[in-house]
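Trainee: Dropping a structure here in structure tokens format, bear with me for questions.
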Amino acid sequence: MPEHDPHQENRTVSSVRLEDDAAEASLRPQSLAEFIGQRASRENLSIFIQAAKARGEAMDHVLLHGPPGLGKTTLAQIVSRELGVGFRATSGPVIQRAGDLAAILTNLQPRDVLFIDEIHRLQPAIEEVLYPAMEDFQLDLIIGEGPAARSVRIDLAPFTLVAATTRAGLLATPLRDRFGIPLRLIFYTASELELIVSRGAEKLGFDLSREGAAEIARRSRGTPRIAGRLLRRVRDFAMVQGVSPVDRSTADAALQRLEVDSLGLDAMDRRYLHRIAVHHAGGPVGVETLAAALAEARDTLEDVIEPYLIQEGLILRTSRGRMLGEAGWRHLGLVPPPSAAGGQPDMLTLLHRDGSADE
């Protein structure tokens, strides 16, 4: 997950966790049976959990990676609940010293689950401490300084590390290789999100029609966290206006007032697309150039804004930079310039080149 960015605080469709999302805990599934979507990952986890319980051993370490808001933290909590063991949570940026990690690890009970969010932001020196802990359930610590320093090995209770990251490529290879169960979470389908929205409406205690749920799901960018946030905002509008049940037109009106369009894009997304279309003739343009022009951090563009735009074909990520896709031109209601319209073979060539745009 990218570092805190104040520009994201007012984005209703931001996939990063906001203060308002504290209410989402009440909407979270409590078991794998309740969990909607991520079918392959969910079914595999169920098998690994059952096998670990049958053997009476700690489950192998799990790496959950994918865009923010897809349920990594929720799945980690479900794993501990299904295993019937304790759950400890922390995050990469919080662990500043090897001693911090040692204190957490030595306090774990046998087979407990330790969840580390944003594990790609762990300092290299702390990663080194984690290697023997994951592989041999032992800690190697240096006690003292100078000539009096000595190495001490501490045995740990067997535990399961469940780690989450939005940037799996930033993990050091030795760390990544120590996860026996790597699972990639993908964007949710509209039908899966419709089920999530309908269930959320029941838990929040308001009447939402199937068409209303479908409208919210369609604009949720394939992300349950955004679906829950839009659901709560639609509920607010409906409550103040005294509308019940909430149908498609009510949901549409509320989302239009939030400036969330039919694809789930907000003003920030449209600024991004408009910048490429108008100022760069559809691209290619480097991400650093876009970040400077939009006054956003590069990480914010790559982790929060771009994944869904790429998924929907609105932009293309090539070795020379970002290009506006045909769907992007259509969504903006603009006609692509002749160079873009006639340059499709070149765009495909760019896409198949090795490497990615650094700028």
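Including glycine, each Cβ sits where the backbone N, Cα and C put it.
Just so it is clear, the model here is predicted, and its values are computed rather than measured.
Dumping what Swiss-Prot says about this protein:
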type    : residues                                                         : note
BINDING : L27, R28, G69, K72, T73, T74, E135, D136, F137, R178, Y188, R225 : ATP binding site
BINDING : T73                                                              : Mg(2+) binding site
BINDING : R298, R317, R322                                                 : DNA binding site
REGION  : 1-20                                                             : region 'Disordered'
REGION  : 4-188                                                            : region 'Large ATPase domain (RuvB-L)'
REGION  : 262-359                                                          : region 'Head domain (RuvB-H)'
Trainee: If you count the C-beta atoms lying within 10 Å of each candidate's C-beta, which of the binding-site residues F137, Y188 ends up with the smallest number?
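Mentor: Counting other Cβ atoms within 10 Å of each of the binding-site residues F137, Y188 gives the minimum at F137.
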Trainee: Using a 10 angstroms cut-off on Cβ to Cβ distances, just flag whichever of R317, R322 is the loneliest among these binding-site residues.
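Mentor: Ranked by other Cβ atoms within 10 Å, the binding-site residues R317, R322 bottom out at R317.
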Trainee: Over the region 'Head domain (RuvB-H)' (262-359), what is the model's mean pLDDT?
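Mentor: Averaged over the region 'Head domain (RuvB-H)' (262-359), the predicted model reaches a pLDDT of 81.
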Trainee: At the Cα level, what's the spacing in Å between T73 (ATP binding site) and R322 (DNA binding site), rounded?
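Mentor: About 31 Å separates the two Cα atoms.
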Trainee: Nearest to G69 (ATP binding site) by Cα, among R298, R317, R322 (binding-site residues)?
Mentor: R298
Trainee: If you skip the near sequence neighbours and keep only those at least six away, which residues in the chain come within under 8 angstroms of E135 (ATP binding site), Cβ to Cβ?
Mentor: R178
Trainee: Using all protein chains in view, find how many other C-beta atoms are within 10 Å of the C-beta of G69 (ATP binding site).
Mentor: 30
Trainee: Count, for each of the binding-site residues L27, T73, R298, the other C-beta atoms lying within 10 angstroms of its own C-beta, and report the residue with the smallest count.
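Mentor: Minimum Cβ neighbour count within 10 Å, taken over the binding-site residues L27, T73, R298, occurs at R298.
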Trainee: If one measures from the C-alpha of R317 (DNA binding site) to the C-alpha of Y188 (ATP binding site), what distance in angstrom results, rounded to a whole number?
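Mentor: Cα of R317 (DNA binding site) to Cα of Y188 (ATP binding site) measures 21 Å after rounding.
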Trainee: Can you tell me the CA-to-CA distance separating L27 (ATP binding site) and R322 (DNA binding site), as a whole number of Å?
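Mentor: Cα-Cα distance, L27 (ATP binding site) to R322 (DNA binding site): 36 Å.
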Trainee: In Å, rounded, how far does the Cα of R298 (DNA binding site) sit from the Cα of F137 (ATP binding site)?
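Mentor: The separation of the Cα atoms works out to 37 Å.
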Trainee: Any idea what the Cα distance is from F137 (ATP binding site) over to R322 (DNA binding site), rounded to a whole Å?
Mentor: 44
Trainee: Do me a favour and check the Cα-Cα span between R322 (DNA binding site) and Y188 (ATP binding site); whole Å is fine.
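Mentor: Spelling it out, the Cα of R322 (DNA binding site) and the Cα of Y188 (ATP binding site) are 24 Å apart.
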Trainee: Quick one: largest C-alpha distance among L27, R28, G69, K72, T73, T74, E135, D136, F137, R178, Y188, R225, binding ATP per the record, in angstrom?
Mentor: 37
Trainee: Which of the three DSSP states, helix, strand or coil, fits T73 (ATP binding site)?
Mentor: helix
